């Protein structure tokens, strides 16, 4: 028990540091004069490697366990008459799709209203004053409607990752192979933290939302220890092979898989690579590097799937 309690704090520190590192580096990437301190290539690596981590997590560490849990022979025959894991994953993807349509539509309407209100004789004076006040801080000039959409996207990504982390923390706390799983899980959480943190670090937010990336990184870091704490409290009564536990785990894993799949394929690979004109029309080596980092991230999570 003492080893498991110590493991809780080790995972808390490693997960939080993994998620915070890209955020803190990005915040210090530019000096007050705008000169880059951290090489842009490193930030691009973290961003695209993180995309691969999230995609690999969705398939290997969420959808596959969800299929296994909901297909367990211990469950009643009704669970074997339909591929519930795939159905739940699909429902999750469609749900996130609808949420994003609503948020983007709302953002577009707000942008249109703002443009109508700003078509006044005092508009030029306002813009000049705002620019002088903002200085070189690009976050201050972020479109509020775009910021709203970005916040929604961050919340979706965080929700899926946190559900997954709580579940694996709960499982780890009661697993008899704790020592082996613990070593692998620390590595897993560091890499997944880097993936989440790289997304938090690269999103453009106005000054009033500037704290959200740090909050998101800290919340992610606390999620697995929270699951472990619950598992330790229920250590005597919790059985991961109990039909009820299998259903809960399978349902949440499948739903989380859909969230991360949509985020990885649409928000990350789609917008950051396929529809990124600067990357697609730029040097081939930059595009090749982006694809290589994505593949590397997927491979790392695929390898860790042998144990976790």
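Positions of Cβ are set from backbone N, Cα and C atoms, glycine also.
All TrEMBL annotations are machine predictions without curation.
These numbers come from a predicted model, not from an experiment.
Per TrEMBL, the features are:
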- 6-25: transmembrane segment (TRANSMEM)
- 45-64: transmembrane segment (TRANSMEM)
- 84-103: transmembrane segment (TRANSMEM)
- 151-174: transmembrane segment (TRANSMEM)
- 214-238: transmembrane segment (TRANSMEM)
- 244-266: transmembrane segment (TRANSMEM)
- 287-305: transmembrane segment (TRANSMEM)
Leading contact stretch, 6-25, 151-174, 244-266, 287-305 vs the transmembrane segment (214-238) - CB distance under 8 Å: 151-174
Tertiary contacts of the transmembrane segment (151-174) (same chain, 6+ residues out, Cβ under 8 Å): 4, 7-8, 11, 15, 54, 57, 61-62, 96, 99-100, 103, 181-182, 185, 188-189, 192, 196, 199-200, 203, 205, 209, 212-213, 216, 219-220, 223-232, 234-235, 238-240, 249, 252-253, 255-256, 259-260, 262-263, 267, 308
Candidates 6-25, 45-64, 244-266, 287-305; stretch with most C-beta pairs under 8 Å toward the transmembrane segment (84-103): 244-266
Dominant neighbour of the transmembrane segment (244-266) in 6-25, 45-64, 287-305, by Cβ pairs under 8 Å: 45-64
Intrachain neighbours beyond the transmembrane segment (45-64), with Cβ under 8 angstroms and 6 or more residues off its ends: 22, 25, 85, 89, 157, 161, 164, 168, 188, 191-192, 194-199, 201-202, 253-254, 256-257, 260-261, 263-265, 268-269, 272-273, 289-291, 293-302, 304-305, 308
